[in-house]
Amino acid sequence: MERENNMDFLRMIACIMVITIHVSGYYVNTYIEILNWKFTVGNIYDSISRISVPLFVMISGRYMLSIDKNMEYKFYYSKIYKKILIPMLIWSFIYFIFFYLIIVMKYINKVNIEDVYKPVKEWIIGQPSIHLWYLYMMLGIYLLVPKLIKVKNKIGEKKFFYFGIIFFILSLVITLLEIYLKESNFYYKNYKFYYLKYIWYFNQLKFIKYLGYFIMGYSLKRKVCNFKITIIISIIFLMLIIGGTEFIIRKNIFNETYLYDNNLPFVMFGSIFFYLAFSNLKKLKNNFGELPQHLFNIYLIHAMILQLINISIKREYNPIFYIPIVTLLTFIFSYIFSKFLEKCLKND
């Protein structure tokens with residue numbers, strides 16, 4: 001399928017947003033109890049980046065569901081095996097080893113090790129690193145693609161669009177139920193219910209909450225909208241995430257950043273309108289060279305690069321400057337590493 005420069009640009013933005021979340025998360029998590037200006041700065045950067053994962057899912061749906069040949073199981077699953085499953089398992093193992101090396105270094109330096117089995121437990125629930133949960137979640141969606149295309153061809157485009165809306169509503173209900181059960185201490189009221197909370201931990205099961213985004217990415221690709229209007233609407237929803245999070249935390253309504261959730265309305269609508277805006281951005285002439293081809297690798301690599309930067313930097317800096325600078329450095333170093341990796345693989 002022919003590359004679309006507007007979608008490549010959107011993928012680049014989404015990739016940078018993911019890195020921003022992982023850099024700004026330190027300030028949000030560290031100062032959520034203190035609620036000083038550093039929390040606010042972290043919240044601003046974090047909030048405006050929360051649409052990143054939904055954007056990735058919609059872009060995947062845009063292309064995956066457009067290729068009828070993906071209905072052919074042998075052709076499609078062999079493609080997924082090579083392009084998704086193998087890289088996912090390889091990088092899961094790399095991060096598994098990487099985090100155990102960090103544990104060994106902490107042990108040598110007599111630093112308190114909270115949980116020596118954490119890398120094992122994280123891999124079991126489909127999150128061997130903070131960002132790899134996405135691949136474990138998406139694997140469930142990718143496995144359903146042939147069936148989804150058959151459903152689309154059978155019921156038609158319009159009904160398929162409504163099919164996507166149904167999954168959006170379902171994901172919202174599931175998310176609200178998850179929040180309610182947590183806030184009401186449901187799992188601690190009876191020991192029989194305690195282990196039910198672990199259902200939410202497994203990223204392999206979360207694909208059901210993202211099917212709406214996947215379908216919508218395909219269904220909205222031909223929707224004609226005004227770029228400026230849709231981008232402004234998206235920004236409004238991002239501002240609501242910022243303000244809403246500040247409000248519920250400072251008013252002690254909740255002590256969690258629930259509005260960051262990908263399946264609650266502010267992120268949902270912010271993502272959809274942002275996607276629509278770039279889907280209608282047709283005058284983009286720059287093809288970004290080979291950079292778009294490295295974005296998947298950049299996504300896979302960035303968490304390790306960021307971890308090494310964090311280990312190297314011993315002090316805390318002003319988040320206003322630190323977050324964008326470290327985000328940019330992480331992106332650049334990940335790109336360089338991806339090019340080096342590609343060169344090594346070609347030589348072999």
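Cβ atoms are placed via backbone N, Cα and C, with glycine included.
Keep in mind that TrEMBL annotations are predicted by a computer and have not been checked by a curator.
According to TrEMBL, the domain 'Acyltransferase 3' annotation covers 6-338. For 9-28, 48-65, 85-108, 128-148, 160-181, 201-220, 227-249, 264-282, 294-313, 319-337, the entry in TrEMBL reads transmembrane segment.
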Assess whether the transmembrane segment (160-181) lies in contact with the transmembrane segment (264-282), where contact requires at least three Cβ pairs under 8 Å among residues 6 or more apart in sequence.
yes
Under 8 angstroms for C-beta pairs, at least 3 of them, ignoring pairs fewer than 6 apart in sequence. Is the transmembrane segment (319-337) in contact with the transmembrane segment (9-28) by that rule?
yes
What residues in the same chain, six or more past the boundaries of the transmembrane segment (85-108), come closer than 8 Å to it by Cβ-Cβ distance?
116, 118-120, 122-123, 128-129, 132, 135-136, 139, 296, 300, 303-304, 307, 311
Within this structure, do the transmembrane segment (128-148) and the transmembrane segment (264-282) have 3 or more Cβ pairs under 8 angstroms, counting pairs 6 or more apart in sequence?
no
